[in-house]
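Quick look at what TrEMBL lists:
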type: SIGNAL; residues: 1-23; note: signal peptide
type: DOMAIN; residues: 23-288; note: domain 'NADH:quinone oxidoreductase/Mrp antiporter transmembrane'
type: TRANSMEM; residues: 96-115; note: transmembrane segment
type: TRANSMEM; residues: 127-146; note: transmembrane segment
type: TRANSMEM; residues: 152-171; note: transmembrane segment
type: TRANSMEM; residues: 178-196; note: transmembrane segment
type: TRANSMEM; residues: 202-219; note: transmembrane segment
type: TRANSMEM; residues: 240-258; note: transmembrane segment
type: TRANSMEM; residues: 278-304; note: transmembrane segment
type: DOMAIN; residues: 290-342; note: domain 'NADH dehydrogenase subunit 2 C-terminal'
Amino acid sequence: MSPLTKLISCLSLLLGTTITISSNHWMMAWTGLEINTLAIIPFISKSHHPRAIEATIKYFLTQATASTLVLFSSMINAQSTGQWDLTQLTHPTACLLLTVAIGMKLGLVPFHFWFPEVLQGSPMTTALLLSTVMKLPPITILFLTAPSLNPTLLTTMAISSAALGGWMGLNQTQIRKILAFSSISHLGWMAIILVYNPKLTMLTFYLYSLMTVTTFLTLNTAKTLKLPTLMTSWTKTPTLNASLMLVLLSLAGLPPLTGFLPKWLIIQELTKQEMSTAAVTITMLSLLGLFFYLRLAYCSTITLPPNTTNHMKQWHVNKPPTTPIATLTSLSVLLLPLSPIIPTIA
């Protein structure tokens, strides 16, 4: 990819995200989503590999369908209420269509099929963008329309996402697919609390993004794409692998790490809303995710290859982990003591 193309795509990505998260009008929000979709396509397809082209086509068709549904939902609402304001979504059909459209854009079950395949066909840095930055505009729209959405539908989609994200990640050996199913599972936690406490959904998204950025950057530095490669990468950067283990356990939600904070607050809020059954169900389903995080952590630091592998041995490099990775790792592991501040912010 030429520097000019990369610059234009990056600026368009920034512009589209900014337009969507700062707009009150449906047409402007839709425009921002479209700019975002078109801006990320060169990043997905830049390797010109058949799998990358396939991922690009899947991504474009899914996002185009979702954008059409967003536009259709806003037009139905405008026809019945005369309002184009994002916060004035009141028509039941418009609310249902919007939930389906944003679920498709985010990769919530049952609209999740495209996400693991697109991530697997993308480079590691593009997969990072798809898992974090590209999810911010749709989640912002959900945040603004939260009072109008159907809580039963969102809870059903959330529990299904947590279940499927856990089950499907168990048998994977490709790290990008594991992280894709991890993302689907985390989206379930965000969706279940959206109607009751939208600010908590945003907090969960921010912390998830922080931990996911750290994980992707660490894996990209270690040049690791598959579990067998991860098992031999300890010889190259042992310190980086040790920190990766902590970040993965934080993503799993184990105390006393940062990832435990949003899960703790969500369970507390669900209990306050007399949704103890949903809280117990989604907590039990998160154990499935814990299994594959533990497997990744085990492969990254504890296990040695039991026999001769097909991968070239990677020996120590003189370049230490970069400062951004060190800072992000510290934040991904050590933020739990700040939890008393959260109620005052919210």
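Every residue, even glycine, has its Cβ placed from backbone N, Cα and C.
Just so you know, TrEMBL annotations never went through curation; they're auto-generated.
Remote same-chain partners of the transmembrane segment (202-219), defined as residues 6 or more beyond its termini with a Cβ less than 8 Å from a stretch Cβ, comprise 124-125, 127-128, 131-132, 135-136, 139, 143, 175, 179, 182-183, 186, 189-190, 193, 225, 230, 240, 243-244, 247-248, 250-251, 258-259, 261-262, 265-266, 321, 324-325, 328-329, 331-332, 335, 342, 346. When pLDDT is averaged over the domain 'NADH dehydrogenase subunit 2 C-terminal' (290-342), the result is 74.
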